[in-house]
Amino acid sequence: MNYDVIIIGGGHAGVEASLASARMGNKTLLISMLAENVGATSCNPAIGGLAKGHLVREIDALGGEMALITDEAGIQFRILNQTKGPAVRGSRAQIDMDRYRVIARNKILNTPNLELVQEMAESLIIEDGEVKGVKTNLLNEYSAKRVIVTSGTFLRGVIHVGEIKQIGGRYGEQSSDALSASLKSCGLEMGRLKTGTCARVDASTIDFSVMEEQGGDELPNPFSFRTNREEFRKTKKQIPCYITYTNQNTHDIIESNFYRAPMFTGQIEGRGPRYCPSIEDKINRFRDKERHHLFIEPQTLENTECYINGMSTSLPPDVQQLMINSVKGMENAKIVRYGYAIEYDFVDPRELKHTLETKKIKGLYLAGQINGTTGYEEAAAQGLMAGINASLSLQGKEPFILRRDEAYIGVLIDDLVTKGTKEPYRMFTSRAEYRLLLREESADTRLSHYGHTFGLIDDENYERVKAKEAQIQEGARILRETIFTPNKEFIAFLNSIGEEGVRDTISAEQIVARKSFDVSKMLKLIPEFEMYESYILDEILVEGKYARYVQKQSEEIQKMKKYLKVEIPQNFAFRSISGLSKEIVEKLESFNPPTLQAASQISGITPAAIEILHIYIKIDIKNRNK
């Protein structure tokens, strides 16, 4: 049984990797332990969020499926951080978890060149440092030129619920111990991480009337640029989430049972996600907090079960029931599924190239939680990139590597492969130095030309993106070139829309840059913009408001590209540089990087440190040439 590409694991990374591979013309096999769980959302019933929404839109722009599935399975859509700048706003959707999985599986089953088989991959076939295929638990051998491992939390997975430990990669499913051993035998450095999930509660036993209702946006925006926006808004049915809070009684119940918490007893060894702590960890670390938010999220459109966001736990079942019942609105709530923690093996992502191919084994790619990340979106992004790069390598083409100034996906992969991680890695807008250039709404105009080149975005959708980009550029040009003089009529106009007058000649771009200027005012200033759709107007306004900042950031990028090529002189005296911390100096001395590019890839070396180093290198060269 011969294939071009084999993907091991049918989670979010596996779905994107297998679809990309098959659509790029490769005979592809997806191996999954349970065929019905392909595309399953193991934890929260939501896609997107701050920075994660950026990833979903970038996946979409490159031709991935996550956004399209979310638009179809979504039951509530919101833009987070709406009052903040456009660079840090994030789209988030509640999804029908059952529907999401069905849609994902159907896409897999109906894609040409792609086969799905329910088996457990147990070992990799390696010959002379190159992957040749996969052996399964049913003693089948599948040959392939490229293999992508997207194993999620299944590598030597151990589930913890109070004092109880059991082997499993997800509750009710087996772990993959043999595959973990096979990866280790390849010489890959591996570690141990932990994640967790909360209890699911019978929705009919919750009193929503005493909770705060949290609805979706009145005019919901789809995730995918390929989804018809107007039709989506007309037909999309949304249901609310609810907010309640823990209280002192909740905290007392949890604290009095710390001695039974696996994360405190030493039962759990793996490090958990810093930014998604368990409720027992929150109570322990933030003892001054009188309460913590809990978001009650429906898992399906029918709302039969609710996910208690903010209450991830591995406490024993009896304690989970007590703490749930201590919360307002859940006094009579009944748990359907208990929360648990799970420990699993991961591969140090510094073992990877930027293509996500391993450095030690040719043709072997890794994507998702196996690389130390947490989150559906981070996994899907890696899966897509691995699928694309595996395909390009088979075609003898150049690898596809996104830069940090091109995409959040570029930031994600660069962080992983250059810095590694000791805890589950989550994407944040703060990780992106060039976030003004990487807004959610610009993902399609930034990246869809790549997706089109790879054959993952069709001509019709690509032409639509080009038309959008042309309209935005034309609007931005009009703002730049429309000049107003400070005469009485113009000042009176500004005053009439609640704006202060001007003393000097001014461009429309300068006027819309004012904080108080919105789309309605821009339409009065430039009436010809009435021909544009609302989402185009939003982008034109953003272009106008941030033009000078974007220009400055673009100049910084060009400057950085130029001096990253600069060589660091041999035996350079790093300790003579003022402005560098002791930690940075020690790392530079330890690694002794040959260029600024190499120095920038050392964990903990900041862009500011690179700039300082560049200045001192120029001084050193100048002194040597005297």
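Each residue, glycine too, has its Cβ placed from N, Cα and C.
Per Swiss-Prot, the features are:
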- G9, G10, G11, H12, A13, G14: FAD binding site (BINDING)
- 272-286: NAD(+) binding site (BINDING)
Cβ within 8 Å of the mean position of the Cβ atoms of G9, G10, G11, H12, A13, G14: remaining residues of the chain near FAD: I7, V15, E16, A17, S32, V38, G39, T150, G152, G368, A379, G383
Which of S278, N284, the listed binding-site residues, has fewest other Cβ atoms within 10 Å: N284
Fewest Cβ neighbours within 10 Å, where candidates are the binding-site residues A13, C276: C276
Fewest-neighbour residue among binding-site residues, criterion Cβ within 10 Å, set G9, G10, G14, G272: G272
Euclidean distance between Cα atoms of G14 (FAD binding site) and C276 (NAD(+) binding site), Å: 24
Cα-nearest neighbour of F286 (NAD(+) binding site) within the listed binding-site residues, G9, G10, A13, G14: A13
Spatial separation of N284 (NAD(+) binding site) from H12 (FAD binding site) - C-alpha basis, Å: 33
Close in space, distant in sequence - G11 (FAD binding site), Cβ under 8 Å, 6 or more apart: G39, A40, S42, T150, G152, G368, Q369, A379
Per-residue Cβ crowding (10 Å cut-off), top of binding-site residues H12, R274, K282: H12
Candidate binding-site residues G9, G10, A13, G14, pick with smallest Cα gap to R274 (NAD(+) binding site): A13
Candidate binding-site residues G272, E280, K282, N284, pick with smallest Cα gap to A13 (FAD binding site): G272
Which same-chain residues, if any, lie at least 6 apart from E280 (NAD(+) binding site) yet have Cβ under 8 Å of it: I254, F258, A261, M263, F264, T313, S314, L315
Cβ neighbour count (within 10 Å, all chains shown) around F286 (NAD(+) binding site): 12
